[in-house]
Amino acid sequence: MVLMIVSGRSGSGKSVALRALEDMGFYCVDNLPVVLLPDLAHSLAERNMSAAVSIDVRNMPESPEVFENALTSLPDSFSPQLLFLDADRNTLIRRYSDTRRLHPLSSKNLSLESAIDEENVLLEPLRSRADLIIDTSEMSVHELAEMLRTRLLGKRERELTMVFESFGFKHGIPIDADYVFDVRFLPNPHWDPKLRPMTGLDRPVAAFLDRHTEVHNFIYQTRSYLELWLPMLETNNRSYLTVAIGCTGGKHRSVYIAEQLADYFRSRGKNVQSRHRTLEKRRS
């Protein structure tokens, strides 16, 4: 069974995540004090039910030791996982402006911007311990719920999930990436007028890139690097490894290479997911 601890800055989507987890069969509790986590887990162990609990600045423990003690007191049948949601500063400000809700730290006579910044500092101990960090800045409510369903229901218990994610540098680097590889130096299909409207998922673009030795060398050396360190990453008690591949616009080279790497590790029996940030943004 899983004890999913959901944390993140206010406005990043914790309520949406809890609703999605509840739809997946989790017993969900909003803002449960950390010291009560073992009691909740023991009561649900008898019912063989996974749980999801949100933690934010309102119920943060006074010290990291309190959090660690609570986790070590869980029944052996429970596997704790920490999901941290985040969004960039401007997105959080816009969301608060749209909903006109008060920030949890507004009672300290802070401006909204200062409250968001202070919350970021207070939550850093949880963020640094997270098994999975999701940046919701460019996600709709539906997209966040769908991502959680895909990642959680598509994951075999206690197995590392490799996520290969393409992106465009002009749109920013994904903050949830464990590794970032820059492929802007590779031949660019964008300069071929016939290939420009296509993506790295289309065969003509794939054929163009496949003709270049440097593309093959990059894929080979990148997968060799990942294969070298993957055994240690798998034994490091982590749930996800997110590998981000970036080109200029996130449309051709990064998409193709992310798919090639995903296919390779999938063929080796690894649990693999792929995501293309720019293409998904264009479809939304």
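Backbone N, Cα and C define each Cβ position, glycine as well.
Swiss-Prot lists G8, R9, S10, G11, S12, G13, K14, S15 with the feature ATP binding site, giving sequence analysis as the kind of evidence. According to Swiss-Prot, the GTP binding site annotation covers D56, V57, R58, N59, on the basis of sequence analysis. What Swiss-Prot lists as region 'RNA-binding' is 266-284, and the listing cites sequence analysis.
On the structure: features taken from Swiss-Prot.
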residue: G8; record: ATP binding site; DSSP class: strand
residue: G13; record: ATP binding site; DSSP class: coil
residue: D56; record: GTP binding site; DSSP class: coil
Inset, instruction - Enumerate the residues of the same chain, G8, R9, S10, G11, S12, G13, K14, S15 excluded, that satisfy the criterion Cβ within 8 A of the mean position of the Cβ atoms of the recorded ATP site; list them in sequence order. - result: D56, L85, D86, A87, T136
Inset, instruction - Measure from the CA atom of N59 (GTP binding site) to the CA atom of K14 (ATP binding site) and give the result in Å, rounded to a whole number. - result: 14
Inset, instruction - Look at the binding-site residues R9, K14, R58 and tell me which residue has the greatest number of other C-beta atoms within 10 angstroms of its C-beta. - result: R9
Legend entry - Entry from the binding-site residues list S10, S12, S15, N59 having the most other CB atoms no farther than 10 A: S12
Inset, instruction - Any same-chain residues 6+ apart from G13 (ATP binding site) with CB under 8 Å of its CB? Would you list them in sequence order, or say none? - result: L85, A87, I134, T136, M139, V141, L144
Legend entry - Those residues of the chain, 6+ apart, with a Cβ under 8 Å from that of G8 (ATP binding site): K14, D56, L83, F84, L85, D86, L123
Legend entry - Of G11, V57 (the binding-site residues), the residue whose Cβ has the fewest other Cβ atoms within 10 Å: V57
Inset, instruction - Measure from the Cα of V57 (GTP binding site) to the Cα of every one of the binding-site residues R9, G11, S15, then give the nearest. - result: R9
Inset, instruction - Compute the mean position of the Cβ atoms of D56, V57, R58, N59, which form the recorded GTP site, and then list in sequence order the other residues of that chain whose Cβ is within 8 Å of it. - result: N31, I55, M60, P104
Inset, instruction - Could you pull the average pLDDT for the region 'RNA-binding' (266-284)? - result: 87
Inset, instruction - Could you check which of the binding-site residues (S10, G11, S12, S15) sits closest to N59 (GTP binding site), going Cα to Cα? - result: S10
Inset, instruction - Using C-alpha atoms only, work out the spacing between S15 (ATP binding site) and R58 (GTP binding site) and round it to an integer in Å. - result: 14
